[in-house]
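Working notes, beginning with the structure itself.
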Amino acid sequence: MSIIRSERYSAIFLLCSAALAIIFANVLDPDTWHAVHSAVSEYHIFGLITPHDIVADFLLAVFFFAVAIELKHELVKGELSSFSKAIIPGVCAAGGILVPISIYLSVASVLPNGWPVPTATDVAFSLGILAIFGSSLPSKVRIFLLALAVLDDLAGIVIIATAFSVSISYWWIIVACITVGLFGFCSYRLARCKTSKTFLIIPAMLLCALAAWVSVYQSGIHATIAGVMLGIMLNRKQGAAIEHALEPYINGIILPAFAFLAAMVRVPHLPLDEISPALWGILLGLLFGKLLGISVFGIIALKFFRKKSISFFNLLVVSALGGIGFTVSLLMNELAFLGTPVHEQGVIAVLIGSLLSAILAIILMRCYKGRKSKSLPGRKGRVSH
């Protein structure tokens with residue numbers, strides 16, 4: 001379990017899953033590929049839900065449940081618990097969202113639905129790359145990246161809830177709010193009840209959580225938002241233990257499974273003039289939009305608020321890592337383009353943009369290590385996860 005909990009191995013699992021998916025999709029003949037794709041996305045288990053929806057809607061809701069727990073912790077007692085702590089990561093996160101959107105819309109204005117795709121940062125992948133290659137960097141770089149990624153996730157949650165919600169059913173939303181409220185009440189009672197009564201409360205919480213997910217799924221809002229609502233309502237005392245318990249399943253099963261399904265596309269053989277502008281918009285948004293947005297907004301914020309929370313070089317490293325959209329960007333791409341010819345090109349753009357951003361970050365971290373090679377040994381405060 002300790003290996004699966006490791007940020008290093010989490011990034012490796014994700015990368016291997018995406019690579020295997022692309023290889024699998026492109027070695028099959030077209031007829032077999034079409035049959036596999038139809039089975040995953042069109043076959044309804046018991047006439048209720050497709051295998052794709054189980055992963056993209058149900059299992060990813062568990063991931064966003066853990067994200068919400070971490071977000072709540074950071075807002076209450078962590079790196080975002082005060083204005084002075086949150087302002088620099090907040091400004092950087094804003095730049096890392098606004099600039100990629102601007103680049104995307106300037107390149108692909110004919111396909112405006114894809115503007116959210118380059119705004120995401122994959123917290124698991126980016127922290128994994130930092131853990132593998134950034135051992136010589138100060139530990140505050142990881143803290144800054146985590147705060148930035150948490151705010152980025154918050155923005156992603158808002159985008160998913162607003163930009164990708166269709167045919168809203170307010171009746172189901174009311175049911176979802178009631179069940180989430182009951183979940184929060186049960187969580188509150190669980191934190192204060194005697195051990196002998198937990199066998200009644202825990203099943204009630206699970207039933208409320210399942211009912212909340214079904215309600216959100218039926219409401220027209222993306223079902224992952226159910227995970228966010230439940231994570232926010234969970235009692236903070238239980239949050240850390242539950243997040244720790246879920247971590248190996250999220251890192252070892254949920255995220256790799258989604259990465260495999262989302263990246264399972266056939267690489268189209270298109271001439272340069274037939275490539276969709278959405279591909280260029282997503283690719284440039286992730287690679288250059290994140291780099292420029294986070295670094296430039298960060299420099300302005302550091303100067304304006306006269307803070308020294310992170311050096312310019314380390315800010316560049318974080319900016320490059322911010323361009324690793326991967327899992328969340330793949331989800332955004334599905335929501336924006338699934339069922340259209342642009343979808344496959346969007347997946348390729350996310351994968352290439354994330355890979356190039358990771359390579360750029362690795363080069364910067366290697367440069368930092370080279371600059372520090374003459375430093376005295378035994379210095380503390382390094383990234384070591």
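Count begins at 1; order follows the chain as displayed.
Placement of Cβ uses the backbone N, Cα and C atoms for every residue, glycine included.
The model shown is predicted, which means the values in this text are computed figures rather than measured ones.
Marked as transmembrane segment by Swiss-Prot: 9-29, 45-65, 87-107, 114-134, 155-175, 198-218, 220-235, 245-265, 282-302, 312-332, 345-365.
With a cut-off of 8 Å between Cβ atoms, the residues of this chain six or more beyond the transmembrane segment (45-65) that come close are 39, 157, 213, 217, 222-228, 230-231, 246, 249-250, 253-255, 257-258, 261-262, 331, 334. Against the transmembrane segment (87-107), the recorded stretches 155-175, 220-235, 312-332 differ in Cβ pairs under 8 Å, and the greatest number is found for 312-332.
The transmembrane segment (114-134) makes no contact with the transmembrane segment (220-235), as judged by fewer than three Cβ pairs under 8 Å among residues 6 or more apart in sequence. Two recorded stretches are said to be in contact when at least 3 C-beta pairs lie under 8 angstroms, sequence spacing 6 or more; the transmembrane segment (245-265) and the transmembrane segment (198-218) fall short of this definition. Of the candidate ranges 155-175, 198-218, 220-235, 345-365, 345-365 has the most C-beta pairs within less than 8 angstroms of the transmembrane segment (312-332).
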